[in-house]
Amino acid sequence: MSESMYAQLVGLCAAVLLLCAVLIVWRRSLHGQIRLLAAQGWGLGVLVAVLGIHEGDGQLMIVAVLVLALKGIVLPRVLTRATVTDNGDLREETPLINTTASLILVALLMMLAYLVSRPVQALGSTPPVAAVPVGMAVTLFGFLVLSTRRHAVSQLIGFLLLDNGIGTIAFLTAGGVPLVVELGVSLDVLLVVLILQVLTSRIRAEFGGADLDDLTELRD
Amino acid sequence: MGAVLLLTPGCCLLVALTVAGLRGRGPDVLLCYAGVAGSVVALGSGLTLVVAHLGGHGAAVTTLGGQLRADSLSAFMLTSIGAVGLTATLADAPRRSRPVPSPSYPALVLLFLGAMSVAVLADNLGVLWVAVEATTVATAFLVGHHGSRHALEAAWKYVVLGSVGVAIAFLGIVLLYAATRSAGVATLSWSTLNGTHPALDPSLVRLAAALAILGFATKTGLAPMHSWLPDAHSQAPAPVSGLMSGVLLSVAFYAILRIQAVAAPVIGTTMMRSLLATAGLLSLAVATLLMISQRDLKRLLAYSSVEHVGVLALAASVGGSLAIAAALLHVLGHGLAKATAFVGSGWVLETEGTTRISDLRHLLHRRPGIAIPLLAAVMALLGLPPFSLFFSEVGIVVAGFQRGMGWVMAAMVALLMAAFVALVRRLAPMFLGHRSDDVGSPDRTVPGIVLPLAVALAVTAVAGFAAGPFATLLTDAAAVLSAP
């Protein structure tokens, strides 16, 4: 792979990751958000594969397959299961701020991401390091979704967005963490999402809906 | 010797899988005492490592090609996990009068213990992170064990806030790894980083350390990221609350100490010192404010944990061998006393049917069997001598004054006094006095085993005076962190 093609592929993957994250903030439909999250997972998997081919790192190729399988296929399936209901509450009805305000915040967070990423630029001027602000931005968008959405599944999506962002930064700056850590992290994330899916269905059974505004009984 | 390191995680995983695999068909004794067995193994291997350390002049024990490593600090933490675990699980081990727990309960307790032991034994910040996140996974359903709306709400908040907070710590660890990679030694092993001092980029390490400390502070329960703690600790079954308050918070604090030791040679201590001092004082203030008007006994104990992790954060911000040794003594004393207090609160719930403080009156007169251990534990948590929490708090304050943090220490003492008053004001009416028309004789029965609680409190009472090998262990463990 030539250097210019490598730089273009890394840039393309980063663009896909960022676009999916912005669209997740924009969309209200939960199924639409889950499809975008799956697309983002594929983007991340391809990014890892590109890095692996460029570095000639076989281990990274294994990780790429793992990321594709987990983030592109398994986790979206789990999320889809969490949205299966009889009364079809499939939209984020009551976000704390409306779509326009969210998109303005997205723009501000993008600038913040560039600011926060400045220390990382010390790692050099390679194409992956140049794309690090995208990872930071996806992480920050995850926080935005987590703190402004009130549907249980939306919060799950926010958590996974955060996780994708951190994963992106890990692959761009360090070519991923050591394999044993990568496996452990993937297992932890999968288990957390499964637990939250089970809790979501219990909340739905107990509170009659998956809107977290009802979870206000514990307070001082 | 290296095999000792594998013993606790291995045994916990094996027995947990066995219990889960048998699906309740196994002998009842296995279900009732699995948690006790796991704690005994942790305590035994912790003590073995401590003895080996004291006899072998400080060489660290490693296994699995250096993946697991026990220096004096790890040995001390493993011993604390075992001791607190044994206190909580044995005192509340089910007896004939009580139904046998469903198999998921002991299996999850074992996974919890195993994850904590991996966290303190791993010589890799990434594996440490995976283990800390695994404790969230293992305890999620334990918090939601009662299945009530409250338990469900607590479990949801616990998992979301815990995972998100720890995810921030992972971002920090990733950036640290990137810094080591660009310095030519891609590693997350702190023994390598502390031993070789590669030339890491300071601005990147500063960002990494800030994120990692912030993330693990969430799991430690430091304000302002503490909001999940009172919910989770008050809704979990009593022994699990004891384990979560008594050691899980300390294990997360241990992660902060390791991060600090790795980052300090590169960026100095100024940034981390102010970060931890702010979080510590804020935790003390928040805990005091919320204890003043607290209506529930278990939530009150949970806020007392926020107070004590605030003290630990202040000790970490002071740094140096005296403060860190005092912090480790505080970890042990607080762990044992808090486990005792939570088990006692569980017994109160079982016999009185409530943990609302206003509904609990004259406990010393009516139920001395439960009230005496609970009161002794509360006195230890208040920091009264002879309990070791008094000596550790004094040690931290003295160290702070020595290192020029006089104002911070003055604020800490003032807040500790306020917390003392708040706790006494809430709890005194619960224990003291008796109604004149109360004709029933005092109920001395206890719905559990008092002996482990008595031993735990006795250890807390003498630990502050301990000299000789115990003092050597504490100073050695502190030296691991402040080594040049």
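Using N, Cα and C of the backbone, Cβ positions are placed for all residues, glycine too.
Automatic prediction, not curation, is the source of TrEMBL annotations.
Taken from TrEMBL, the feature transmembrane segment covers A:6-26 (among others).
Taken from TrEMBL, the feature transmembrane segment applies to A:33-53 (among others). Long-range Cβ contacts of the transmembrane segment (A:33-53) within its own chain (Cβ-Cβ under 8 Å, at least 6 residues beyond either end) map to 1, 6, 9-10, 13-14, 16-17, 20-21, 23-24, 27, 59-61, 63-65, 67-68, 70-73, 75-76, 79-80, 83, 128, 138, 154, 157, 160-161, 164, 167-168, 171-172, 175-176.
According to TrEMBL, the transmembrane segment annotation covers A:59-75 (among others).
According to TrEMBL, the transmembrane segment annotation covers A:96-116 (among others).
Here TrEMBL flags A:128-146 (among others) as transmembrane segment. Here the transmembrane segment (A:128-146) has Cβ contacts under 8 Å with residues 10-11, 14-15, 17-18, 21-22, 24-25, 40, 51, 102, 105-106, 109-110, 112-114, 116-117, 120-121, 154-155, 157-169, 171-173 of the same chain, all six or more residues outside its ends.
Counting same-chain residues at least six beyond the ends of the transmembrane segment (A:153-173), those with a Cβ under 8 angstroms from any Cβ of the stretch are 10, 14, 17, 21, 24, 30, 33-34, 37, 40-41, 44, 47-48, 51, 67, 71, 75, 79, 82-83, 92, 95, 120, 123, 128-129, 131-132, 134-147, 189, 192-193, 196-197, 200, 210, 212. Annotated transmembrane segment per TrEMBL: A:153-173 (among others), in sequence order.
The transmembrane segment feature in TrEMBL is assigned to A:179-199 (among others).
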Suppose I define contact as three or more CB-CB distances under 8 A, residues 6 or more apart in sequence; do the transmembrane segment (A:6-26) and the transmembrane segment (A:96-116) meet it?
yes
Can you work out which residues elsewhere in the same chain, 6+ from the ends of the transmembrane segment (A:59-75), have a Cβ less than 8 Å from its Cβ atoms?
37-38, 40-42, 44-46, 48-49, 51-53, 160, 164, 167, 175-176, 179, 182-183, 186, 189-190, 193
